[in-house]
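Annotated in TrEMBL:
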type	residues	note
BINDING	114, 262, 573, 574	FAD binding site
DOMAIN	301-315	domain 'Glucose-methanol-choline oxidoreductase N-terminal'
SIGNAL	1-18	signal peptide
Ligand SMILES: Cc1cc2nc3c(=O)[nH]c(=O)nc-3n(C[C@H](O)[C@H](O)[C@H](O)COP(=O)(O)OP(=O)(O)OC[C@H]3O[C@@H](n4cnc5c(N)ncnc54)[C@H](O)[C@@H]3O)c2cc1C
Ligand SMILES: *[C@@H]1O[C@H](CO)[C@@H](O)[C@H](O)[C@H]1NC(C)=O
Ligand SMILES: *[C@@H]1O[C@H](CO)[C@@H](O)[C@H](O)[C@H]1NC(C)=O
Ligand SMILES: *[C@@H]1O[C@H](CO)[C@@H](O)[C@H](O)[C@H]1NC(C)=O
Ligand SMILES: *[C@@H]1O[C@H](CO)[C@@H](O)[C@H](O)[C@H]1NC(C)=O
Ligand SMILES: *[C@@H]1O[C@H](CO)[C@@H](O)[C@H](O)[C@H]1NC(C)=O
Ligand SMILES: *[C@@H]1O[C@H](CO)[C@@H](O)[C@H](O)[C@H]1NC(C)=O
Ligand SMILES: *[C@@H]1O[C@H](CO)[C@@H](O)[C@H](O)[C@H]1NC(C)=O
Ligand SMILES: *[C@@H]1O[C@H](CO)[C@@H](O)[C@H](O)[C@H]1NC(C)=O
């Protein structure tokens with residue numbers, strides 16, 4: 001074993017603090033870890049912080065990506081810049097396979113490559129989704145502990161509501177009683193735009209068709225209302241800022257190893273006991289290994305988790321042999337069932353205030369960033385781009401529902417509209433003047449399912465990611481219906497005198513065939529992939545994990561991340577991932593009698 005480097009000595013000098021290692025050689029060979037967590041992402045940071053509440057527990061958290069603490073980190077922490085981490089050093093830069101439902105296009109599949117994982121680069125929307133979603137989780141897993149009602153304490157443990165930087169009153173825009181006391185900070189927009197007021201006015205004028213929903217975090221998944229985001233104290237709140245940094249800064253029983261990818265799970269004491277991990281920093285760098293005495297917890301996400309399972313011989317045996325991996329545990333559903341939601345955006349030129357003039361004025365934009373840097377106030381200090389949202393169901397007599405209803409239940413939506421107060425366009429010749437509103441359409445309960453497959457036995461070769469967007473009649477039909485519903489919504493009285501005209505590509509959409517072509521030409525990923533290691537009942541042969549999230553047929557190995565969700569959640573996945581992780585931490589504590 002190598003001598004401890006100067007860096008180890010420096011990090012050990014952080015008395016009473018967790019160590020931060022940047023190469024595997026810095027991890028002291030003598031140190032015994034109870035738990036090794038793979039991935040310091042959304043779920044992984046929650047597990048690390050909760051398990052180390054027990055001072056007798058030692059945890060090693062291993063993250064492939066970078067620190068969220070460097071000079072470039074403003075890109076991901078300034079609320080106005082949300083989205084700009086995509087395609088940078090903070091992104092794994094995965095892409096999909098050519099999608100038959102998108103005219104053969106290959107599209108980006110961003111995933112966070114940084115402390116906090118995807119919670120550090122996402123669009124910050126915090127929306128727990130319909131209670132039906134959690135009741136389905138309970139049903140699919142055969143464990144009533146996953147039901148909406150049973151999970152209340154974990155919802156409250158995760159999050160707390162904060163005012164926007166300018167203290168704008170949020171009375172009547174959310175329900176304080178459904179919010180908790182957790183470390184993750186959420187809040188509402190500091191700035192209200194004309195379009196937002198008109199969305200709410202539509203619910204006043206026509207509440208039967210377009211009901212007002214006071215709080216999408218209440219379990220009510222339907223209607224129109226104000227959108228909450230993971231912004232607090234003028235900055236993005238992530239699983240790293242909320243859970244990991246505070247734990248590292250106050251506990252000596254949590255160590256973080258950055259810039260290091262877990263390349264394989266290693267069986268220890270018996271073929272199907274996986275308490276070891278192999279790691280490396282690059283494809284050609286030396287491999288090191290670490291063992292946990294209690295469990296290895298996989299929180300590498302919907303892409304990383306199934307990839308790592310398969311690299312380790314856990315997955316569909318026939319497929320693993322094809323890429324030169326020796327099968328150890330035959331689990332057909334590893335990498336299968338992949339679902340994602342897709343987004344398509346439509347644009348209208350409007351009167352009234354929008355963000356367009358600001359976004360088209362480089363001076364104003366730079367001034368806003370300078371003001372933010374100076375005292376964390378101004379337009380950069382809060383979410384402003386999308387403030388209102390609506391979730392709707394198809395009409396109950398819709399022919400699209402003849403083959404069955406894919407929603408989690410009667411209170412879960414089929415599609416969603418987000419109202420963006422600027423021009424969001426994939427069009428090269430988008431105008432740079434005027435005021436614009438964009439509305440995104442998302443099918444919330446897609447029925448298309450694809451897969452994730454290995455193409456190599458090397459952990460450094462990306463797996464293939466094939467969500468099969470819009471490959472079912474339900475998915476494309478629902479998107480077309482959503483577009484028509486939206487057009488109707490925008491012709492209600494509240495929109496009189498606001499909408500000038502649709503953008504030329506949108507104006508040309510008349511027939512279903514034209515709408516379908518538009519969707520297949522412009523749709524992208526909403527970056528919500530799930531279900532590649534899905535949960536199932538303990539008695540069921542299918543699925544990858546049982547109700548306590550232990551891998552079926554293996555010992556010492558658990559999965560806690562978005563890959564276990566049985567379906568793409570109708571809503572936004574990060575809140576559900578946080579809540580699942582909060583309960584999983586308690587399940588682990590209880591399995592090992594920890595406090
Ligand atoms: C651009 C974008 C926008 C989004 N917008 C929203 C939104 O507005 N609202 C919402 O609710 N959801 C949104 N999502 C989705 C949401 O962020 C994710 O569903 C959720 O964060 C997933 O959490 P996770 O714990 O499963 O994985 P992640 O948070 O992705 O964590 C996985 C971690 O594991 C690490 N890792 C992977 N493989 C290895 C390995 N082999 N070794 C070591 N480390 C590894 C990764 O680097 C990462 O840090 C968005 C996602 C993206 C990418
Ligand atoms: C973040 O930066 C501070 C100050 O430079 C340092 O003490 C700390 O260890 C860093 N944390 C991480 C996780 O990089
Ligand atoms: C993703 O792409 C960007 C831009 O090319 C690059 O800087 C970054 O290093 C890439 N991310 C990873 C994890 O390789
Ligand atoms: C908002 O309220 C907080 C707490 O009362 C106060 O410290 C802050 O200065 C206020 N900010 C503004 C812009 O009014
Ligand atoms: C991990 O455990 C295995 C099996 O018991 C053992 O062969 C290996 O040396 C251990 N690795 C470390 C780093 O302790
Ligand atoms: C990819 O995985 C899916 C689901 O496990 C499987 O049906 C398909 O055959 C695989 N494709 C290849 C090329 O192995
Ligand atoms: C752009 O913003 C600057 C700074 O706020 C302002 O002085 C200028 O008038 C704006 N330009 C236009 C064309 O609106
Ligand atoms: C922050 O700075 C801006 C100028 O850059 C100033 O107008 C504003 O009053 C300051 N706000 C607070 C709360 O200090
Ligand atoms: C569904 O019901 C509505 C209202 O009763 C009616 O207008 C519509 O034509 C029906 N649609 C179908 C497909 O039957």
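Residue 1 is the first one shown; counting continues down the chain.
Including glycine, each Cβ sits where the backbone N, Cα and C put it.
Feature map: annotations from TrEMBL on the structure.
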residue	record	contacts (Cβ under 8 Å, 6+ apart)
114	FAD binding site	65, 66, 67, 68, 76, 85, 90, 120, 121, 240
262	FAD binding site	38, 62, 64, 277, 278, 279, 300, 308, 459
573	FAD binding site	528, 530, 562, 565
574	FAD binding site	42, 118, 119, 122, 125, 126, 230
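The helix, strand and coil residue counts that DSSP assigns across the domain 'Glucose-methanol-choline oxidoreductase N-terminal' (301-315) are 11 helix, 2 strand, 2 coil.
Across the residues annotated as binding FAD (114, 262, 573, 574), the two Cα atoms farthest apart lie 24 Å from each other. Not one of the binding-site residues 114, 262, 573, 574 has a CB under 6 Å from ligand 5. Summarising model confidence by region, the domain 'Glucose-methanol-choline oxidoreductase N-terminal' (301-315) averages a pLDDT of 98.
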